[in-house]
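Some notes on the structure that comes next.
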């Protein structure tokens with residue numbers, strides 16, 4: 001059983017995966033709030049409580065964090081509470097297997113890397129990956145499995161909250177599909193802007209990528225896949241997205257773990 005931890009700015013996904021390579025699958029998944037000042041002990045208590053008896057069945061652990069301080073605590077947690085379980089964290093020096101053809105590879109978020117890795121492994125062709133998180137990342141991987149870059153926009157919830165916070169006449173609203181793109185009250189108007197507006201933003205970015213990037217035209221075989229917590233809300237309004245994979249990031253983490261575990265076995269004791 002592989003423990004996978006995906007720490008983002010606002011929420012953390014904890015998953016358990018069984019099997020390996022093409023037989024691997026996510027068997028359980030939890031979503032908890034990210035606390036930037038969380039300690040290793042607090043993380044251990046939370047995760048051990050979630051996975052229960054599977055804690056004794058772990059054969060490996062892997063994780064990433066877009067919050068550097070939390071990644072440090074994840075490392076300490078794994079070393080102290082599961083010392084015999086091999087672990088691989090996505091950080092500089094870890095082999096991901098995907099070339100980063102960008103100006104500064106160190107700037108590329110670990111979540112973007114593993115998403116593109118998982119998409120390329122799953123579809124075996126050029127892909128555009130749309131991750132709906134606190135930010136919306138639209139990333140591009142070539143037919144050779146190279147990370148070409150992408151575009152980053154504010155996330156749906158972040159934008160909606162910012163509009164409410166900076167306007168006396170607006171308030172925070174539930175993210176839900178309104179009756180129509182033409183809202184009949186303030187809540188519906190904000191929902192229409194969030195749902196239909198961001199669907200249009202993503203469709204527009206995908207269209208521009210297909211126009212501007214060689215090998216991504218309408219005549220080329222390109223997979224467009226979405227992932228992320230708010231993706232299901234927008235999927236019915238998206239015209240450019242063909243696939244949805246809820247577990248794309250967790251599977252990307254698994255791929256990196258499998259690539260690096262031989263080196264880990266040489267340094268760490270076997271799992272209990």
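Using N, Cα and C of the backbone, Cβ positions are placed for all residues, glycine too.
The structure displayed is predicted, hence computed values, not measured ones.
Positions annotated as active site, proton acceptor by Swiss-Prot, on the basis of sequence analysis: 111. Positions annotated as ATP binding site by Swiss-Prot: 6, 7, 8, 9, 10, 11, 12, 13, 134. Taken from Swiss-Prot, the feature substrate binding site applies to 109, 110, 111, 112, 186. If you look up Swiss-Prot, you'll see 131 marked as K(+) binding site, on the strength of sequence analysis.
Sequence-distant contacts (6 or more apart, same chain, Cβ under 8 Å) of residue 12 (ATP binding site) comprise 5, 6, 31, 32, 33, 34, 70. Across 109, 110, 111, 112, 186, which the record gives as binding substrate, the greatest C-alpha separation is 38 Å. According to DSSP, residue 111 (active site, proton acceptor) sits within a helical segment. Rounded to a whole number, the C-alpha distance linking the residue listed as 'K(+) binding site' with residue 186 (substrate binding site) is 28 angstrom. Residue 10 (ATP binding site) falls outside any helix or strand according to DSSP and counts as coil. Comparing the Cα of the residue listed as 'active site, proton acceptor' with the Cα of every entry in 8, 10, 186, these being the binding-site residues, the smallest distance points to 8.
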